[in-house]
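Engineer: Starting off with a structure, shown below.
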Amino acid sequence: MKRKRAILLNGHREAPGNSMVVGGYELKRDMGHGGGSRESEAAQACLAAEAELISAIVTFFKKLGITAADVGFKVSSRKVLQEVLGRYDVPEDLFVRVCIVIDKREKIPLDEVKRELVSAGMSEEAIQDLLEILSIKSLAMLEERLGTADPAVGELRQLFLLAEKYGYSDWIQFDASVVRGLAYYTGIVFESQYRQVPKEKPEKTLLGYIMGSGFDREGKLRAICGGGRYDRLLSTFGGDDIAACGFGFGDAVIVELLKEKGLLPELGLQVDNIVCSLVPDLQSAAALVASVLRGKGQSVDLVLQTKPMKWVFKRAARINAQRLILVGSSEWQNSMVAVKLLATGEQYLVKLDELE
């Protein structure tokens with residue numbers, strides 16, 4: 001029986017011939033970009049990595065109870081911007097500066113954006129063309145402007161096809177305005193943002209759902225997470241370039257979203273033990289008791305200073321402690337501690353090595 005050869009390329013299994021297996025689906029290579037060359041294969045493997053990355057984030061959102069009606073991904077490619085700047089012979093060393101200006105365009109007036117782009121070396125014609133392309137929210141419209149043979153268009157189309165195969169196409173949409181302000185991005189970039197539920201059902205296309213008007217235009221919440229491809233990041237630290245993609249996640253933003261949607265769980269605080277010493281000289285002994293209990297897998301709140309017992313009991317009630325462990329002078333001389341079960345009031349002495 002003939003065995004089919006499969007190798008791992010960027011974490012995804014490559015099938016023989018002109019196809020690639022990603023997430024259990026076989027995808028045909030785009031023969032319009034290199035005819036199945038090694039460069040084309042590597043590019044598709046990279047896109048599979050982005051698709052897998054976004055899939056992981058979508059899965060995380062789903063586990064929190066967040067749906068595609070709550071959060072969406074705006075997706076684009078740095079290569080779109082490179083294509084426009086290349087048309088007008090804008091020097092490569094100004095690319096990052098232009099990205100930074102574009103990334104903050106919603107925070108400053110349009111006239112100021114244009115002034116900064118002019119100071120970056122762009123002509124009025126180039127700026128107008130750039131702003132028009134950045135307003136595009138449809139991959140079909142981007143194809144009309146850049147052409148179907150454009151590398152950025154090909155990559156984006158393949159990514160949206162992968163999203164369709166993965167089953168999360170309703171989470172993502174193309175938005176040429178997403179560039180990300182950091183210098184190290186080299187290809188696909190994305191941001192996930194809160195979006196208001198649209199009044200009408202979104203239009204589903206092969207390239208995702210058109211929900212451009214559904215995103216949070218009031219700016220109540222910043223991007224929940226953002227990321228993309230950065231194939232040349234390691235060389236900035238003196239190493240060899242390695243193809244990579246990733247994302248950053250804002251914990252504060254997701255908490256605000258969960259609060260707004262009524263999804264933030266109320267986690268009841270409960271601690272197994274609260275440990276305190278009755279005299280300052282035994283503070284180190286109390287720390288030892290806490291370490292012993294933690295070593296046995298128990299949670300411990302250690303009172304770091306000698307406090308009145310009234311304060312200790314209030315603290316125990318506030319953190320819902322199950323036991324109070326007291327380290328007193330006479331007991332410690334015999335390697336013992338006093339234990340009080342706070343639910344019943346039962347008290348007893350126990351040797352430290354027998355404390356469970």
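The backbone N, Cα and C atoms fix where each Cβ goes, glycine too.
What TrEMBL records for R180, Y184, Y185 is L-histidine binding site. Under the heading domain 'Class II Histidinyl-tRNA synthetase (HisRS)-like catalytic core', TrEMBL lists 47-193. The feature domain 'Anticodon-binding' is assigned by TrEMBL to 275-355.
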Engineer: Under DSSP, is Y184 (L-histidine binding site) helix, strand or coil?
Structural biologist: coil
Engineer: Measure the Cβ-based neighbour count of Y184 (L-histidine binding site), defined as the other Cβ atoms within 10 Å of its Cβ.
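Structural biologist: Step by step: centre on the Cβ of Y184 (L-histidine binding site), count other Cβ atoms within 10 Å, giving 17.
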Engineer: By DSSP assignment, list the helix, strand and coil residue numbers for the domain 'Anticodon-binding' (275-355), in that order.
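Structural biologist: Final tally across the stretch: 34 helix, 24 strand, 23 coil.
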Engineer: If you draw a 10 Å sphere on the Cβ of Y185 (L-histidine binding site), how many other Cβ atoms land inside?
Structural biologist: 23
Engineer: Within 10 angstroms of the C-beta of R180 (L-histidine binding site), what count of other C-beta atoms is obtained when all protein chains are considered?
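Structural biologist: Result for R180 (L-histidine binding site): 21 other Cβ atoms within 10 Å.
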Engineer: Determine, for the L-histidine site, the additional residues of the same chain whose CB lies within 8 Å of the mean position of the CB atoms of R180, Y184, Y185; present them in sequence order.
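Structural biologist: Apart from the listed residues, the neighbours are R78, C99, G181, L182, A183, T186, V189, G228, Y230.
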Engineer: Limited to the domain 'Class II Histidinyl-tRNA synthetase (HisRS)-like catalytic core' (47-193), I'd like the whole-number average of pLDDT.
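Structural biologist: It averages 91.
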Engineer: Within the domain 'Class II Histidinyl-tRNA synthetase (HisRS)-like catalytic core' (47-193), count helix residues (DSSP H, G, I), strand residues (E, B) and coil residues, in that order.
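Structural biologist: Secondary-structure composition of the domain 'Class II Histidinyl-tRNA synthetase (HisRS)-like catalytic core' (47-193): 87 helix, 16 strand, 44 coil.
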